[in-house]
Structures are given as structure tokens and as C-alpha cells.
């Protein structure tokens, strides 16, 4: 955790002890009846209290070496990464994770099922899509290499394309 100067610590202690707060018609006053009139109500909200910075900084404005890909630097050494990035410095992009030679997000028929490369893993649907599979899926845990055992017919290709479009609408 960062260190605060003695003047900052003193200011926080004084503001807490005397409960400084904004007063209607004035910039800053001590909450004491001798300083402001009872006719002017005090506008006191806890959100106006002095709160020291916790060190959350935008990497674009201060520390460009802390976080990559638009991440937000926290306490000088941790990053809050935007969607699809991860790692200590937001250096990894999940959209670029492929399944071997298959690109991320690609759909392909694989041994009676329809599979998709997603975040570096090949995920296969449990339904059968190819003819000749007798209602069951063979080998769901497939590797990304290789080719399908048979070439799908035109009807099957259109059915697969429709399923892909339907599933892409859900994601």
C-alpha cells in the first residue's frame, strides 16, 4: 500500500474531528452552532467527506507500462482488464486463442456432431447432425486436428449452417 504524506494524514484527522462539511451559502464550515446560523440548514452528505486516493489510475493517463490493451492500473501493479483480455498486465487476448489450426469461433462438423473452437478449446454439441450416426454422438472429447470422417450432404450442410446461425444469435 502507498504511503501518505503527514499533511494528508493531518488533514484527514482534522476533518474527521471537526466534521467539516459544506453549508448552504458557504464553501466550507465547521459543524458548530457558533459558526453558522440555524436559519441556514447544513447540507451534509457523507459523499462530500475527504477520502484519500486508493491508487486506482487509468493506464492511459499515468502508468502506461502497468496495463496493456486498455486495462486499468490498480495500486501500480495490478490490472482490471477489459472484456476478452486477461493476465497480470492484460497481455492475453482470448479472441486469438485457436484450437490448433482451427480459428477461434469457427464451427465445424466433427464425427456426427457440430463443434466450435471457443477460448482455445473445441466444444461439441451433444445432438447428432450428420447422417449415419444412429442418434448418438461418437467421441465428444475430440482434438482439434484431423478431418471429419465423411463429407456432409447438401441438406446436412444447410442444416449445419442454420444451426450455426441460430447458435451465433444466442452468443
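For all residues, glycine too, the Cβ spot is worked out from N, Cα and C.
What Swiss-Prot says about this protein:
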| type | residues | note |
| --- | --- | --- |
| DISULFID | 66-73 | disulfide bond |
| DISULFID | 67-79 | disulfide bond |
| DISULFID | 81-90 | disulfide bond |
| DISULFID | 99-117 | disulfide bond |
| DISULFID | 112-133 | disulfide bond |
| DISULFID | 115-124 | disulfide bond |
| DOMAIN | 62-91 | domain 'EGF-like' |
| CARBOHYD | 63 | N-linked glycosylation site |
| LIPID | 134 | GPI-anchor amidated aspartate |
| SIGNAL | 1-17 | signal peptide |
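Features per Swiss-Prot, on structure.
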{"residue": "66", "record": "disulfide bond", "DSSP class": "coil"}
{"residue": "79", "record": "disulfide bond", "DSSP class": "strand"}
{"residue": "99", "record": "disulfide bond", "DSSP class": "strand"}
{"residue": "112", "record": "disulfide bond", "DSSP class": "coil"}
{"residue": "117", "record": "disulfide bond", "DSSP class": "strand"}
{"residue": "124", "record": "disulfide bond", "DSSP class": "strand"}
{"residue": "133", "record": "disulfide bond", "DSSP class": "coil"}
Which of 90, 124, 133, all disulfide-bonded residues, has a Cβ with the fewest other Cβ atoms inside 10 Å: 133
For residue 90 (disulfide bond), the three-state class that DSSP assigns: coil
Residue with minimal Cβ packing [other Cβ atoms within 10 Å] among the disulfide-bonded residues 67, 73: 73
Listed disulfide-bonded residues among 73, 115, 117 whose Cα sits within 10 Å of residue 67 (disulfide bond): 73
Using Cα positions only, nearest of the disulfide-bonded residues to residue 90 (disulfide bond) (66, 99, 115, 124): 66
Packing count at residue 66 (disulfide bond) (other Cβ atoms within 10 Å of its Cβ): 20
Under 8 Å by Cβ from residue 81 (disulfide bond), counting only residues of that chain that are 6 or more apart: 67, 69, 71, 87, 90
